[in-house]
Amino acid sequence: MMPEYVRKKLTLDFGQVTDYIVRRIREYIEESKKEGGIIGLSGGIDSSVTTILLSRATNNFYILLMPTSSTPQKDIEDAMKIIKIVNGENKYSYINIDEIINEFSSIVNISDKIVIGNIKARVRMTLLYAFAQKMNYLVIGTGDKSEIMLGYFTKYGDGGVDVLPIGDLYKTQVRMLGNYLGVPEEIVKKPPSPALWEGQTAEGEIGLDYETIDSILYLKFEEMREPEEIAEMTKTSYDKVIKIINMVKTSQHKRLPPEIFRLSGRAINSDWRYPRQWG
């Protein structure tokens with residue numbers, strides 16, 4: 001459960017949040033000397049919210065729908081609703097990636113659903129960057145703070161993007177923002193799922209609902225509370241609190257660039273402190 005104390009802390013002025021993110025997307029595209037942004041739309045809350053924000057930031061946006069046989073038909077229908085909301089009927093491509101996945105899996109003789117699921121995410125990343133390079137667009141990521149902290153994304157898959165506009169909003173906050181933006185209720189309330197295999201749900205894999213997950217993340221990593229206190233506040237077992245904390249710790253490598261072994265006086269990762277937009 002989410003304590004009322006945490007809910008109040010996470011409830012923001014979503015009008016201001018919208019204005020800020022839209023402005024930053026627009027600025028970042030300009031600073032990057034790109035002409036627009038491209039996004040992968042799944043029909044889930046994160047990609048729906050980010051697509052709407054992108055469409056408000058620039059008229060130069062493009063959307064890719066990249067389903068597989070494990071993609072629920074409802075997700076495709078929901079994605080089309082968002083495309084209609086952003087007037088993107090002439091700004092999207094529908095690419096079924098089953099043939100690519102099957103060929104890849106056959107070549108390397110893979111049947112493990114998790115490995116194949118990660119291949120799906122990386123194929124989508126490759127397609128997004130192919131279109132982005134062709135159009136001189138940025139790849140707009142859709143990950144939220146909860147997923148990023150938990151490491152609940154594929155390294156160099158859905159984590160392979162140029163910018164993460166909602167990356168500092170917990171899943172609970174993204175749902176609130178979705179309500180503010182007019183995202184259809186069935187999308188806001190839909191159980192989050194990467195849909196990398198049939199029946200997959202994020203909350204089912206993790207073993208907790210996102211309101212509880214977000215409460216644990218907030219209380220531990222923003223208020224630095226002890227696990228015992230967090231368990232009491234969230235009415236959650238101590239073991240589950242520790243599980244969430246450990247997910248953050250063990251996924252740290254996903255949030256960092258590759259390690260560089262220092263051999264000189266100035267190693268790039270540890271000593272390279274130039275601005276992101278340089279020159």
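Any Cβ shown, glycine's included, is placed from N, Cα and C.
Quick look at what Swiss-Prot lists:
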BINDING   G40, L41, S42, G43, G44, I45, D46, S47, T142, K171, S193  ATP binding site
BINDING   D46, E147  Mg(2+) binding site
BINDING   R122, K155, D162, H253, K254  deamido-NAD(+) binding site
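For D46 (ATP binding site), the nearest of the binding-site residues R122, E147, K254 in terms of C-alpha separation is E147.
Cα-Cα distance from G44 (ATP binding site) to K254 (deamido-NAD(+) binding site): 22 Å (rounded to the nearest whole number). In space, D162 is the closest of the binding-site residues R122, K155, D162, H253 to T142 (ATP binding site), judged by Cα positions. Neighbour counts of Cβ atoms within 10 Å were compared for the binding-site residues R122, K155, H253, K254, and the top value is held by R122. The closest partner of H253 (deamido-NAD(+) binding site) among the binding-site residues, by CA position, is E147; the full candidate set was G40, S42, E147, S193. If you draw a 10 Å sphere around the CB of D46 (ATP binding site), it holds 23 other CB atoms from the protein chains shown.
If you measure from the Cα atom of R122 (deamido-NAD(+) binding site) to that of E147 (Mg(2+) binding site), you get 17 Å. Ranking the binding-site residues G40, S42, E147, S193 by the distance of their Cα atoms from the Cα of D162 (deamido-NAD(+) binding site) places G40 first. Here S193 (ATP binding site) is positioned 19 angstrom away from K254 (deamido-NAD(+) binding site), judged by their C-alpha atoms.
Taking the binding-site residues S42, T142, S193 in turn, the residue surrounded by the fewest other Cβ atoms inside 10 Å of its Cβ turns out to be S193. Counting neighbouring Cβ atoms within 10 Å of each of the binding-site residues (E147, D162), the lowest count belongs to D162. In space, E147 is the closest of the binding-site residues G40, S42, E147, S193 to K155 (deamido-NAD(+) binding site), judged by Cα positions.
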